[in-house]
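The following features are taken from Swiss-Prot:
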- Val281, Asp282, Val283, Gly284, Gly285, Gly286, Leu287, Gly288, Val289, Asp290, Tyr291: substrate binding site (BINDING)
- Lys101: N6-(pyridoxal phosphate)lysine (MOD_RES)
Amino acid sequence: MSDWSIGLARQVWSVQHWSGGYFDISDEGRVVARPDRDPARAPLDLAGIAAEARHQGLGLPVLVRFLDILHDRVDSLCQAFRQAMVEDGYRGGYRAVYPIKVNQQRRVVEEIIRHGNGRVGLEAGSKPELMAVLALTPPGGTVVCNGYKDREYVRLALRGRQLGLQVHLVIEKASELELVLEEAAALGVTPSLGMRVRLATIGAGKWQNTGGEKSKFGLTAAQALAVVDRLRAAGCLDWLRLLHFHLGSQIPNIRDIRRGMREAARYYAELRALGAPVETVDVGGGLGVDYEGSRSRSFCSMNYTVAEYAHNVVHALWQVCEDEGLPHPDIITESGRAMTAHHAVLITDVIDGDRVPGGADLLAPADAAPRVLHELWTVWTGLDRRHPLEAYHDAAHGLAEAQELYAHGVLNLTDRARAERIWQAVCHALLQRLDPRRRPHRELLDELNEKLADKLFCNFSLFQSMPDVWAIDQIFPVLPLQRLDEPPASRAVLQDLTCDSDGCIRGYVDRDGVESTLPLPPWRPGEPYLLGIFLVGAYQEILGDMHNLFGDTHSVNVRLTGEGYALSGAAHGDTITDVLRYVDFDAEVLRGIYRERVVAAAGLDATARAQCLADLEAGLRGYTYLDT
């Protein structure tokens, strides 16, 4: 591949499509970040950031948060709706509301609110989230209260009204209304109520049941009418100010958004006709992120832009208002994934590898060797004269026969190992002879790429840092941070540190699609090999679990400055003491046990006892990941 170039590297890893312009490959073959997408500003080298974080005591793995990407995501979303409203002559306003469940890290929420400067509100879906939101929302700011509610939740939301916040208390279950009426009367507070309706429209995708008729939340048409009637009977219909619905999360197809908005717009018109003074429509989530860069209807992609999304939301409401002579409502979106996914990158390193050997140094079987070895050797030596598919099938048959003979005690371990070596050599040779442009070759090419892929063992826990990969086969872009000026001469499957076969990434961005192996410059034992796992800023931190007691990773924030960038907010990940405490192991009790056992250990002198105890103490203080 002597014609390899940085342009080809961008194509192979599809960087320009999934990165949103925030990440690129430099002429030196290194991954760089452009947090504000300003081409005039020098890009930030990710490997350099990892080195600086290590200098500050944060080894790998480390989660890097680019705060300026959060700013740019907020600006892009608000600008898209502003432009869509100008184009349609829309007379309502727009506010982005951030659902903190997507990423509750305080610095993330604070950055979004601070940079939003009145353009962004917050959404809470539980009492703990509400307590955080009531503290972080600036005076006069917007708060949307979703989720299941008890009396205390309702009371806290009404207290938010007393604190001067624009709190919208959304009725998601009909039973919640009576609690609201009682608590509002008890506190003497006039609430701003929202009503979440359950649309028939479903946005296809991995989370499609978060919207539509099967949704966990929301009122049916009959329940919505009953809520209106109850409010009217109580003389409180003027409390109903907001219509809320949710099409789904990560909707890949713009047509689903268009259809859902038409249905939702009718709800707005009907509620106004019933006398409810609804003045805000909260369209919920759904705005996607193109994780795989294919710009398609694939569940991990999206076939539209933020601007197209904004246009379809605005135009649907504009159309029904013009047709019915209604005031244009203010619009709220809850696009938390689109706000936060891009800003976080997990940087880790390869700690070991397992490579399938090729045909170098392969020796012919001895004359007395079992027949199956000679048959496999005949396939190997005759590859140039045979059709690749025929040779593969014969070699596969020979390997299966050798494995069966071994199981019956006919072949010994050495014979089996030789059979596997010849098989591997055949597969490597066939891989070079297959042409991906020929349809009959493609299936075998994919199979061989998977069989011959290197296994690279990486210093992270998939269950802690990328739980959606295990849970829903989510795709996250992965690529080396260096050496991308070299051709990807190998393919690999990435394994994590856990003692679990599911701790493996099985889908990788590759050009305009997803493959089961990742193209890489060859890993060389003993050399640092850094990998970046991108777009992990939404949901992954809070959903991560402690399988094998691997805890939170180190994290650090990156902020642009006039001179380049600065690291801030360095947070050390969990120590072994931390994770043991989560499962009810007291470090002091453990220390006491260690001391007793060191004293009782035979054959240790005083110096050895002291060193043994020091090592055990250091182990409790250590990072849960490997020291590299």
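Counting starts with 1 at the first residue shown.
Note that Cβ sites are derived from N, Cα and C of the backbone, with glycine treated the same way.
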Excluding near sequence neighbours, so keeping only residues 6 or more apart in the same chain, what lies with its CB under 8 A of Val283 (substrate binding site)?
Phe245, Leu247, Met261, Ala264, Val313, Ile331, Ile332, Thr333, Glu334
What are the sequence-distant neighbours of Val289 (substrate binding site), meaning same chain, six or more residues apart, C-beta distance under 8 angstroms?
Gln250, Met302, Arg337, Ala338, Ala341, His342, Leu535, Ala538
Can you grab the distance from Tyr291 (substrate binding site) over to Lys101 (N6-(pyridoxal phosphate)lysine)? Cα atoms, rounded to a whole Å.
20
For Gly285 (substrate binding site) and Lys101 (N6-(pyridoxal phosphate)lysine), determine the Cα separation and express it in whole Å.
12
Looking at Cβ-Cβ distances, which residues of the chain lie under 8 angstroms from Lys101 (N6-(pyridoxal phosphate)lysine) while being 6 or more apart from it?
Glu123, Gly125, Ser126, Glu129, Gly336, Tyr539, Ile542
Under a three-state reading of DSSP, tell me whether Val281 (substrate binding site) is helix, strand or coil.
strand
Under 8 Å by Cβ from Val281 (substrate binding site), counting only residues of that chain that are 6 or more apart:
Leu242, Leu243, His244, Ala264, Tyr268, Leu317, Pro329, Asp330, Ile331, Ile332
